[in-house]
Structures are given as C-alpha cells and as structure tokens.
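J.: The structure follows.
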Amino acid sequence: MIKVTIFLLLSIFSFNLYGLELNEKVSIKYGAEQGVGSADSNTKLCSDILKYLYMDEYLSEGDKATFEKKCHNVIGNIRNTFSNKNTIKEGNEFLMSILHMKSLYGNNNNNNAGSESDVTLKSLYLSLKGSQNTEGESEVPSDDEINKTIMNFVKFNKYLLDNSNDIKKVHDFLVLTSQSNENLLPNKEKLFEQIVDQIKYFDEYFFASGGKIKVKKGYLKYNFLDIYKQPVCSAYLHLCSRYYESVSIYIRLKKVFNGIPAFLDKNCRKVKGEEFKKLMDMELKHNHIVERFDKYIISDDLYYVNMKVFDLKNVDKIQVSKIDDINNLNIYEHKETMHLSAKNLSRYIDIKKELNDEKAYKQLMSAIRKYVTTLTKADSDITYFVKQLDDEEIERFLIDLNFFLYNGFLRITEDKHLINADDVSPSYINLYRSNNIVALYILKTQYEENKLSEYRAHKFYRRKRVSNITNDMIKKDFTQTNALTNLPNLDNKKTTEYYLKEYENFVENFQPDLHDIMKLQLFFTMAFKDCNVNQNFTETSKKLWFDLLYAYDKFGWFYIHPNEVINSINKTDFVRHVLVSRNFLLKNNDQLTFLETQVAKIVEIINLSLEVDKSPDSLDFSIPMNFFNHKNGYHVMNDDKLKLLTSYEYIDSIANNYFFLSEYKNDVFRTGNNFKLYFNLPNIYSLAYQLFNELAININVITNVPLKKYLKYNASYAYFTLMNMIGKNHDIYSKGSRFVYASYILGLVFFIESHIDIARLKPKDFFFMKQSLPIIDHVYHKDLKTLKKNCTLLTDFMKINKNSQNYSLTHTEEMIKILGLLTVTLWAKEGKKSVYYDDDVSLYRKLMVSCVFNGGETIQEKLANNIEKSCDISQYGIKSKNLKDMIDINLSIHKWNPAEIEKLAYSFVLSCKMQKLMYKPMNVEKLPLEDYYKLSLAPDMVKTYHCYKLGKQAAELLESIILKKKFVRFRVTDAIDVYDFFYIKKVLSSRIKKEYNEFLQDKRAFEKKELETILNNSPFSEEQTMKLINSYECHWFTSYENFRILWMHASSNLGTGTYLKNFFSELWQNIRFLFKSKLKIRDMEYFSGDISQMNLLDYYSPMVHSESHCQEKMQVLFITLRDSKEENRSEIAQKVKSAYYQCKLDYYKNHHSDFIHRIHPNDFLNNKVYVLKQPYYLMSNVPLNNPKKVSRLFVTEGTLEYLLLDKINIPECFGPCTKLHFNKVVIKESKQRIYDMTINNALVPEIQPYNRRKYMTIYINEAYIKNIVSDALTSEEIKRHDIQKGNIKICMGKSTYLTEPILTEEHFNLTHKPVYDFSSVKHNLKVFHMKNEHLVSEDPNDDCFINYPLATINLDISDPYKEISEDLIKNLYILKSS
C-alpha cells in the first residue's frame, strides 16, 4: 500500500517556480502612469503582457496584432471593474490566465534580472489594478501584501500544473502522520493527551485487586447517586448511562417490594406483612437452606446452614452441609461439613414449603397477583396477562425480585454456563432476557411515559410528536459561536443540563441506607469494570453528542423526522415495527455501544482536521475567483481558504481510520480494564454495515419479502428502530442507552445500502467503464441520469434540518455533514487508496462521491457551469449541448477521476481566456486539415475531445472493413492500415471511405499531401509547425493498451462468440508491431560524453531475462512432472511454483552482473539508452559499506519496452511505469535536437530554447532524511524544514551512476539487514542550499555540477525482484514472437 505524506505536497508548492521571482522591488508607483481609461496605458499594458509571455514560437505577427487589438478593450473593462467586489473575479482570473499561459507556452527566462524595465507578474498586477482599491483596502498596499497576492497566484498555478498526482494514493491523515510539522504537532499531542488523560477519572474511584475491579476505600461510604456531576460520567457516557439504568431499576423495584407488606395487611388474612418480611428475610441463619454462586453463576447444589464462623482474617464464613435431595430433607442426619464464604451464599426460599399451608400459600399468591394488577391497571392488556399468571409464576417473581434487591444482581437459573457479569447486571434488556416479565410490566405501567402494551402503543406514538419548530425558535438555542467554524452553536450549559436532568429524576427523594450504598457501589463497579482508554468521550465528542441529542428531542433533527416515521406506519403494522426494533436492540446492544464509542473517536479526528485548517499550509483565496467551489466541503473552506488538500482529500484521509501506520487490528471493546491507547480505529462503515445486515435480516424475517429487492420499500422498520435508538425508547423490553452517534451512522448506511448502492440489485451497473477506458460511444446517458437522481436523494437525505425557510448553517449540522461525507467516502472505498485514484472503485461510486461533495451537483454539471461562466467556448467551436460530452470524454481519459478533471477544466478556462485574445476561432467538431496547427495549441481538453471523435471514426472504419472481409479475410495488415491512415490523417474525414482508398493506393503520396496541406496553411515557419505537429498525439495511437481498447470496442459491436474472441486475441498479440517504431520518450536529459565508456548496468535487465529464462525451464519441468507416473498431479503446481522462485533467485545470484546486463557504447551511439527520472528508491537495500546510496538507474530500449508493457510496480516509477517516468539519454557532444523537451541542468547547450526546458524534482524516502545533516558546499546545517520548503538541491553527478550491482551475497541468503542510518560512513547523498548554488564547481566531473531540487516522499513499494508478475510472463510471449 502506498502512503504519500504531506511532504510530497509541500514540495509541490515550492515558491521558486518558473523564474517568477517575488523579491523584485516595486519600481512602479502604485497607480502611477496607468490611469484608468487611458488608451495609451491600455496599449502599453497589452504590450507588456506580450513581453511577459514571450510566446514568439506560438504567436505569428498576425496573432500578436489580434491580441493587442482585443486586449485593449478587455483591459479597459477589467480596470473599470477591478474595484467592484462582485466583478473582481474577472481581473484575478485574467491575471491567472496570463501566468498560466506563460507556464504552458512562454519563455520563462527572457528577462534580465534586476532591470528596471522588467515586466513581471507583479508589475502587471499593479498596472492592471491601477489606482482603484477594493472595499476595505488601504490606499497603498504594502510590498508584503502585494507579494503575498502574487504568491497565491503562483501557488495556485503550480497546483494546476502539477502532475505528481499520477502517482497519488490517499494521504495518511494529514495531522496524525505529520510528526515533523511544527505547526501541527501540538494539536496532535493535545488530542492524545486528552484521550489518555481521561483514564485518571477511573483511577480516582477504582483499583484492581486479584483480577477484580474494586471501589477505593475512600469511597466505601459514598452512595454515588450524584456521580453524574463528576467528569468520569461525561467521559464515559455509555457506562454512566448503564449505571443509572441499574440505579433507577433498583430504586423503583425496591419501592414496589416495600409496598407489599402494607397491601398484605389489608388484603391477606393468612399472611400478614410482618410474616411476609420474615418469610423473605435473606439474612443467613441456622437451619436456612442456601444456594451458592460463583462469578454470578448460581450452582445447582443446595446447602444446609449449620453455623456462622469467623476465620483469622475476620472474614465471614458459613459452616454448611450439602443437601443431596431437597424433597427428602433430614436436618438431623449427619453430613460432612464445609466452610464457605458468606459473600458467595444466598438464602434459597421455597415459599410453599416455608408456609407449609396450602391455603395460606394460595391466599398469599392471590394477594400478590392482586397487588401487581393494582400497579398495572393503566393498561388492560397487561393487567389481563398478569391475571393469567399461575401461583408458581407469581412465586418466581417474588423470589427473583427479593434475590435482586438483596444481592444486587439478577437471579438466572437457565443456561447458566452461558452467562457472565454483563448478563446479570440490572438493565431492562437483561430483565427481559432473564424472563422477569412481571417486573417489566410493573416498571412500564408505573414509571414509563408509554404505559400501553405494544398492541396499543400506536395510540401513544400518535400523541407523542415533536412540536413544529420555526427557525426563530431554533435561533434562541444557538446562542454561541464555534471557534473553528464560526457557526452558531448550542449553549453548552443548556444541553448538558438537559441531559443530566434525567439522572436527577432517577435519584431525587431517595435516601439510601448502608445496604443500598453497597448495591449502588456494585452497580457502579459493574458498569465501569470494562472501562478502557479507547472508549472514552473527550470534550469535543461529548459536546457534539449532547447537541445532537438535544436537537433531536427539541427539534426532531435527524435524517428522517420522527413525525414522518410515525406517519408512515399503519396502525395494523405497528406491532411488527415494535417487534423488529425490539429484536434488533436486544441482539445488538453491545455492537451498537462499540460503534458509538468508535464514532466518538472519529469526531475527534474531524475536529482536529478543522484545527489543521487554520495552519499556514494553505492556498489563500481571499482573492475572489470561481475555482474549486465545493458546495459540500468543510464550511471553513468555503470562506477564503483552500487547503493544499481539498475537503474531499481531507475526508478521504480521515476515512482510512488510522492514527498511525499500524495494520494490526486491536479489539477495543470488552477487553477488560485496559489503559493502553491503540493507535488505530476500526472502519466505522464496516461496523455499521454488519449492523445493517442484522437489521435487514430482521426486516426480511418479519415482512417475508426478498431482502435485497424490497428492502427500501420497508425502510420504515429501520427508521422506527433508529428512532428508538437515538430517542427515548418507549419499548421497555429493549430500553437502554441512547445511541446518538450509532444512529446517525447506521441510518446513513441503511439508506446508502438500500437506496443508493445499486450494485445490491444489479452488480454490473455502472461498472461499464471498468475494463474499457476511455469511452468511445455515448451509450451511458441514461445511467448517468440515474446517478444524478440517486445523488440528489442522498444529499437531501443527509440534511438533518430540512426546514425549507431561509436558515443559516449551524455547527451541529456542519459536523454531521462532515461525518456523513466521511461515511459516503467509506462506502466507496475499496482499500486505503483514494477513491478517486483507485482502479478497483467502480465509476458509479467515484462519481457519486464527487456529486455528494458538490452538494448534489455532478462533476459534469459543476464544470460545465464554471466553464461557461468564465470562458467563451465558441472559441473552439463547442456548443453548450456538447460541453458535458467533452467533460465526460476527458473524465474517461483520466479514469473518471473528479480531482484530475477539475484541475484540467480550470486549466482549460485559463487557456481559453488568453487564446480568445490571441487566435482566430477553430471548430473542433469539424476541424479541417488546414486548421490542424490550431489543435496543437488548444487546451488539453479540446485535444482529447477531438481525439475521441477521431477514435470513434477509426472504430467505425475498422468495423466496416471486418464485415466487408467477412472476418476470415481480415488480416493484421488491415489493422495496421487503419492505424496508419488515422495517424497520418490526424483530423476527421467527411469522405472517410474515399480518402481511405486513396491512402491505400499510395500511402507515401497521401502522407505527403496531408503534411503539405498543414504546412502551407500554418502562419508559422515549417520548423515551428513541425514542432507543433510532433508535440501532440491522439490518445488512441500512443500505446498498445489504448489502441487495443479501440479494437475491443469494435469487437463488442460486432457480436460475441468463441471464433470472434480467438480472432481478436490473435490480432492483439500481433498489434504490438505497430508500436515498436512509435515508442518515443519525449523528455531528454543531457549527460557528458564519457558516460558511454563507464560500463553502466542495465538495471532491470536481469529481472526481464530471468522471467524468460525461468519460463523455459518451468515448461520443461512441467512436462517432466506431468509425464512422470510417480508424481502426484495435485502437487505439480506447487512444485513448479517453488522451482520458479528458486530459478529466479539462482539467476539473480549467478547472472545479475553478466555482460548482457551491461550498457554498451553502441547503445549510446544508437540513442537507445534511457534513465529513470528518480534514483534508486530502496536505499535501505544498499549495504552500509557501499558509498553509493544515491544511484541513477539506466536501461536499454529493450528493457524499457518490457517495463512499459507490464504493470509491475517499480519503486522508481512509484507504481507501474509510463513514458513520463523516463528521460532519453543524450550525449552533450551529439547532434543538438533543440526542439525536444529538455530536463534543465548545467549540461544543456545554450542553443536550447529555455521554453523547451522541463524542471525535474528528485524524491527520496523520508526515512533517509536523517542522513542529511549539512550543506556539501558550506557545511552549514540543513534541517528537515528546509527540504519541506523546497529550498534544497541534491547532487546527481557521476558518482551516482550505477556501475556495480547493489545486491550482495547477504541479499541472496536473506541475512541483509536494511540500512536506514548511514550518517557515520562516507556516502554520496550530497545536498546544498539553493542560495549557495553559485558556489557549485564548474568542473563537469564534480558531484554537484549536475543537481536537481530535492523533495521527500513516503512510498511503500516492495522490490520488484521479489515478485512474480503474471502480466510480464504473458507479455513475454507476445514480445518473444517479434
């Protein structure tokens, strides 16, 4: 798994870019000489813009004249509106378009530094802004303010141009893995300290002894009734709730039991109150029968009490004798005695035997039954059930109630071997599970709001509605402002008091005696015995929890309003809804508690990310623009700042749910009293999904319908259950803690899985692009409409306050929105990669995530609106109806990555603004060959759109030829002809068949005619035009895979079948011939001439040759084993696999430095040597005594072909290799190729135009940064911070060229230990401050003569020499045939 840290991003935004120095003096007086409305100043400014761009190669004289003419009017309009707050965006975007155009096409080194006549971005900004000032701006901005504004332009432009996202996976959470960031460390450490620190509340009351948790001596007389006022209760909300549930049950049932004697005095002649008290007395006395319990499990054995004794430790002991048969009890029979602890014994009462009077027994039971009915008379159904109870059931009620009040835990005699302490602690759920139904009847009718049975509960719920709340009423509660989001917040004091009020009601007017205090301490201990540091609520998560509970009870805020839930349930279905809810809560109480506590941790991380948003590492857009307007991101991002990571990337990083990089999963629930803080969290979506399955199965059982098909039509069952989880559960049989966080997560997961995740119904839906990117035909419009519909459903559902009146967002809603976005992202994720960059994520999920983050607007809609707002698309002949098609096509080219297409779209807008002023319009829909030069200058989105149309026409031509030749006469040469025709034609043909036949008659003449047409109609010189032609290639004709997709599309249109499949399979295997001659690395890097004599290693050659070598040996081995009568056929595969690994190891060991793996002088002479841009990445593989820690890796053309054809992960490519990861090696003394893109270094000849130069950054793993301590030129100290800011360069001279193998004997016998610290030995990892670059030696042999900017990265990619690539093995056969 690849983990890219923030350091990569920091390097992206280094400020020393494109020669745009920001330290020049402000030589122009602010507003002087540039009077607004002055025609001369407008003309001068337009002229200055041309000087600044220096685009001579891309602008003809006519284009320059056109620009100056159009520019004059545009400048006048912008100057007049630059002071208007509503129209200032136009001016800013115009400046951005100038900078962006210069970056793409201009010469960035044309100015003489220090000249007073220099035209800089700053001078253009000052001139354009003129003497007008925006509202609230000082008369003359300071130099620092101006520089800051220009810097923001530069940073944003670099962000748009950055292509490092090609290797991007998801960033580990920005704060929690940025251990070296001085600004973020305090916040991160504070969070951990808060979490760990709260265990002190537990330590204040408890201590561990003999594996048991006990109350400290200082609290032995404390009754714990008002513990809700203490921090321990708010730090562990769910545990405190469990405690007070036990307390309330105890107090209420004790009151019920204490009322029995007085009732008997009036209603029972044979057994009066005092006799009843003696009968039920639990004090152990001589002749009493007792039962024994151990860890709350009651033994089947009974004992007879002989006497009380005291041991030396003053511990109560009871001398007892075991009873063999309770029905034949003889107290005078001599039995063997034993001494048992009084704490583990309880009196066994058989009321019938104790009374020894049948009439008295029946009269007593009748009186108790009558007493219970007086308590349950509020509901006739319950009263009727009580009257039907027989005497034995009434007796059991009395016995169990008496046992509980005396011992403090429930008496369970069935399935005893399955119970534990959590099962016997007093709770409503445990009373129900232990069949204490009569006690629940009494508690329900005496103390609950809903006193009716489930058969009549609908009457209660119909009456129990949330009052209609207006926004004005809500504002009265939101009287505070959150410091992080600046949004209205609920009064913390009010929400806390509201929550604690319920606890106060439990304990008011109760005066506990010493016996009660012991029980209260037991309840407190039982509730907190499993307390651990991973389950607490810090101040932030507790505050939001209180807010959500208050908002639900007072306003009905939830995904589904409680009134709507009740209205959706028919009277006849109400009992079934109650039963579904009850069954789910009874079964999943623990799992819900677990989910609750883990979401609380996620809330902390979200809050921490909001704090990070205040960090200095941001793109400041207090400068108004239309870019990156996320409608559903963090609220703070919608004001004036955009982070280096967008709001999506923040949440995507949080969605990984890991504090640190530990992959080990720790059980943090019911693990006993554990003080260890685990640095990873479970995936809350997975936890909620397991609960969703339980809920869905519950619904299915009750409704008896196919689960997956009709789940959403029975959603009322789920919402009613959720209502009982977050609200006050009025079903006493499943009553328990309120699961606020769990309700929100489970509610959203249920909606996603039942309404949004269409894969549940049609697994293949919206996976249509998985194997066939990019799109060729638009057959998906209907599906995309479904996506839009579902996205709207989801975004509407996620709003917890659905009041349609004008209303400002609150902090509570913001936090739930973020939690909802996190949940949606987790739904889409297939691993720890970013959703947008993960090929395993379906198109549907990628686009759904993007749509939700944009507030229900699809990425296509958003970009189309933004483009039309800022760009006149008619410049390229594009109409509004085709704009979304163009966006879809570009999306498909970029693997449907919304982040990439957004950057591409804004690059398009900026280019469009300038090109509108520079060039004549073109019509990309019907582009004639005469205008082809315009396509080369067009934005990438326009080129891709044209390429799509060209590919579609190529596929249609191919289909027609195949059909015409009836398959059997179609040859590979026909495919080659189609390819060559479009490669030469370059534009759409209106007479495709006629021109194709003309091409077949004389290919050279056709190519010459097409080329001459382009050259003759271009306003540029022949040399410039050829450069334009060569600078752009259509996607379909650049790689084997791309061209193959075109044929895949053709085959799918022609039908299916074995013959057709085989036909195209053979075609694809041979199609590679087309590309061997087309392979071209665009970037070239200059090296000194003596490199050809250095006997360099062809680094990845052994890997390639070992595959071929071992495959041949394995074929022989397989045949031998297959034909051997002694071999077990089931073991052949494993034997071949083991032999394959051994063969590879032997080859590396014996042949990795063979002559065939060296680069020869002829390879350089024939221009067939390439170098990976990045040096050897796995530096820890290099032995400590080897000084070559930094090594440039060179490969020959043959090795390069294999690496590009295979999808194996190469560390130096940060994944699978593409042409962008290599440079072509060019000897300085060879013939100059001045129009190729050149990597800028000290060997580049002066003749090379600066605008054709490319800047290259060297990345090394951050694990090796500790070895960089000083400047190689001045010996001054170098800090990690200097590298993060992009102020360091790395020396990449001849000492880095790899001439000897890195692998040693230790690598082969697996005894090599990775080397991360080599600071104590001599090594070639040399760096220096950019400010000291003038001190670099002019000797080409000096290590630092060649140098590049340095940045850090953190990628975990294993050494490809340790892996077998199936794709490579298959491709070897294809290439071998050539």
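For all residues, glycine too, the Cβ spot is worked out from N, Cα and C.
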J.: Say which of Cys912, Cys947 is recorded by Swiss-Prot as the disulfide partner for Cys871.
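T.: As annotated by Swiss-Prot, the paired cysteine is Cys912.
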J.: Spatially, which candidate from the disulfide-bonded residues Cys46, Cys71, Cys851 is nearest to Cys871 (disulfide bond), comparing Cα atoms?
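T.: For Cys871 (disulfide bond), the spatially nearest of the disulfide-bonded residues is Cys71.
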J.: Based on Cα distances to Cys947 (disulfide bond), point out the closest of the disulfide-bonded residues Cys46, Cys71, Cys233, Cys240, Cys912.
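T.: Nearest candidate: Cys912.
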J.: Have a look at the disulfide-bonded residues Cys46, Cys71, Cys1034 and say which one has the shortest Cα distance to Cys233 (disulfide bond).
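T.: Looking at Cα distances from Cys233 (disulfide bond), the smallest one goes to Cys1034.
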J.: Work through the disulfide-bonded residues one by one (Cys46, Cys71, Cys240, Cys912, Cys1034) and name whichever has its CA nearest to the CA of Cys851 (disulfide bond).
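T.: Checking each of Cys46, Cys71, Cys240, Cys912, Cys1034 against Cys851 (disulfide bond), the shortest Cα distance is to Cys912.
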J.: Given the disulfide-bonded residues Cys240, Cys791, Cys1034, which lie within 10 A of Cys46 (disulfide bond) by CA-CA distance?
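T.: Near Cys46 (disulfide bond) by Cα: none of them.
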J.: Determine the most Cβ-crowded residue among the disulfide-bonded residues Cys71, Cys233, Cys791, Cys871, using a 10 Å radius around each Cβ and all protein chains in the structure.
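T.: Of Cys71, Cys233, Cys791, Cys871, the one with the most crowded Cβ is Cys871.
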J.: Out of Cys851, Cys912, which of these disulfide-bonded residues shows the lowest number of other CB atoms within 10 Å of its CB?
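T.: So among Cys851, Cys912, the disulfide-bonded residues given, the one with the fewest Cβ atoms within 10 Å is Cys912.
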J.: What residues, ordered by sequence, lie under 8 A Cβ-to-Cβ from Cys240 (disulfide bond) and sit at least six positions away in the same chain?
T.: Ile227, Tyr228, Val232, Cys233, Ser234, Ala527
J.: If you compare CA-to-CA distances from Cys1034 (disulfide bond) to each of the disulfide-bonded residues Cys71, Cys791, Cys912, which comes out shortest?
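T.: If we rank Cys71, Cys791, Cys912 by Cα distance to Cys1034 (disulfide bond), first place goes to Cys912.
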J.: Which one is it: of the disulfide-bonded residues Cys947, Cys1034, which Cβ has the fewest other Cβ atoms within 10 Å in this structure?
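T.: Ranked by other Cβ atoms within 10 Å, the disulfide-bonded residues Cys947, Cys1034 bottom out at Cys1034.
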J.: Given Cys71 (disulfide bond) and Cys912 (disulfide bond), what distance in Å do their CA atoms have, once rounded to a whole number?
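T.: Pair distance, Cα basis, whole Å: 14 Å.
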J.: Measure from the CA atom of Cys912 (disulfide bond) to the CA atom of Cys791 (disulfide bond) and give the result in Å, rounded to a whole number.
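T.: Cα of Cys791 (disulfide bond) to Cα of Cys912 (disulfide bond) measures 31 Å after rounding.
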